[in-house]
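S.K.: Pulled these from TrEMBL:
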{"type": "ACT_SITE", "residues": "HIS10", "note": "active site, tele-phosphohistidine intermediate"}
{"type": "ACT_SITE", "residues": "GLU88", "note": "active site, proton donor/acceptor"}
{"type": "BINDING", "residues": "9-16, 22-23, ARG61, 88-91, LYS99, 115-116, 183-184", "note": "substrate binding site"}
{"type": "SITE", "residues": "HIS182", "note": "site 'Transition state stabilizer'"}
Amino acid sequence: MTYTLVLLRHGESEWNAKNLFTGWVDVALTEKGRAEAVNGGRLMVEADVLPDVVHTSLQRRAINTAALALDAADRHWIPVRRSWRLNERHYGALQGKDKKQTLEEYGEEQFMLWRRSFDVPPPPLADDDEYSQVGLPQYADLGDEMPRTECLKDVIARFLPYWEASIVPDLKAGNTVLVAAHGNSLRALIKHLDQISDEDIAGLNVPTGMPLVYELDEATLAPTVAGGTYLDPEAAAAASAAVANQGR
Ligand SMILES: O=C(O)[C@@H](CO)OP(=O)(O)O
């Protein structure tokens, strides 16, 4: 027997469209992003992959993507669990900066170190910065865990406790689980599931609004198909190449 896990990155956000580093800034979906979410829900219906429970971050682009996709799949009524541990990677002082300008100013090597290296975080974001989330009510309980910047390694460290404590039990109860989250929090999960090395994870980019289905072995939780299966593989390949090329 296998457990079914569906990963869904939010649809295009306003700052994806403007090519800005986003991280914890709580931007909305664009019209295109909402359509991507609805399409994601339709793809789930066509494939007969119907979630029993959904986990989201605390950010509206993931929350609203989940709601739109589930509505399109007539699964708008399933239980919802949310955690900051599924939030996008905190992008530190890069939050709000233009990706193309950052590439031009700092050069390819530094730009890619900040975007895709495993353990090099951008400089921290000041608490009085207009794009800081310090003091927001949804993060009031975080205390010392409130990030000011994160690398992928940090995201894995804060994501894994939630995976073990909340998502795995839902899977083991036999539920088809939808995780609606973000490019880099989903990279953290995929790295864990597929045991991708710290070096190779740099080359993995998650497209917006494309359901990615994993069947997990019930004993080991290892994927039966490495990398999972996109419900629309051609569209997913084109869209992840576009993510890889951002800033160029
Ligand atoms: O800006 C961000 O928060 C992320 C996701 O959109 O960007 P990147 O793909 O560059 O890590």
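Just so you know, the numbers here start at 1 and follow the chain as drawn.
Each residue, glycine too, has its Cβ placed from N, Cα and C.
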S.K.: Once the DSSP letters are reduced so that anything not helix or strand counts as coil, what is ARG9 (substrate binding site)?
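M.R.: DSSP call for ARG9 (substrate binding site): strand.
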S.K.: With every protein chain in view, what's the tally of Cβ atoms within 10 Å of the Cβ of GLY23 (substrate binding site), excluding that atom itself?
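M.R.: Around GLY23 (substrate binding site), other Cβ atoms within 10 Å: 25.
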S.K.: Please go through the recorded positions HIS10, TRP15, GLY23 one by one and keep those whose C-beta falls under 6 A from any atom of ligand 1; give the result in sequence order.
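M.R.: Cβ under 6 Å from ligand 1: GLY23.
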S.K.: Quick check for you: of the binding-site residues GLU12, GLY23, GLY183, which have their Cα within 10 Å of the Cα of the residue listed as 'active site, proton donor/acceptor'?
M.R.: GLY23, GLY183
S.K.: Using DSSP and collapsing to three states, where does GLY183 (substrate binding site) fall: helix, strand or coil?
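M.R.: Going by the DSSP assignment, GLY183 (substrate binding site) falls within a helical segment, counted as helix.
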S.K.: How big is the Cα-to-Cα gap, in Å, between ARG9 (substrate binding site) and HIS182 (site 'Transition state stabilizer')?
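M.R.: ARG9 (substrate binding site) and HIS182 (site 'Transition state stabilizer') have their Cα atoms 5 Å apart.
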S.K.: So of GLU12, GLU88, which of the recorded positions has the fewest other Cβ atoms within 10 Å around its own Cβ?
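M.R.: Selected from the recorded positions GLU12, GLU88 on minimum Cβ neighbours within 10 Å: GLU12.
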S.K.: Select the most exposed residue of ARG9, HIS10, ARG89, LYS99, HIS182, where exposure means the fewest other Cβ atoms within 10 Å, treating these as the recorded positions.
M.R.: LYS99
S.K.: Long-range same-chain neighbours of TRP15 (substrate binding site), Cβ under 8 Å, sequence gap at least 6?
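M.R.: PHE21, THR22, VAL25, VAL27 - these are the non-local Cβ neighbours of TRP15 (substrate binding site), listed in sequence order.
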S.K.: In whole Å, how far is HIS182 (site 'Transition state stabilizer') from ARG89 (substrate binding site) when you measure between their Cα atoms?
M.R.: 8
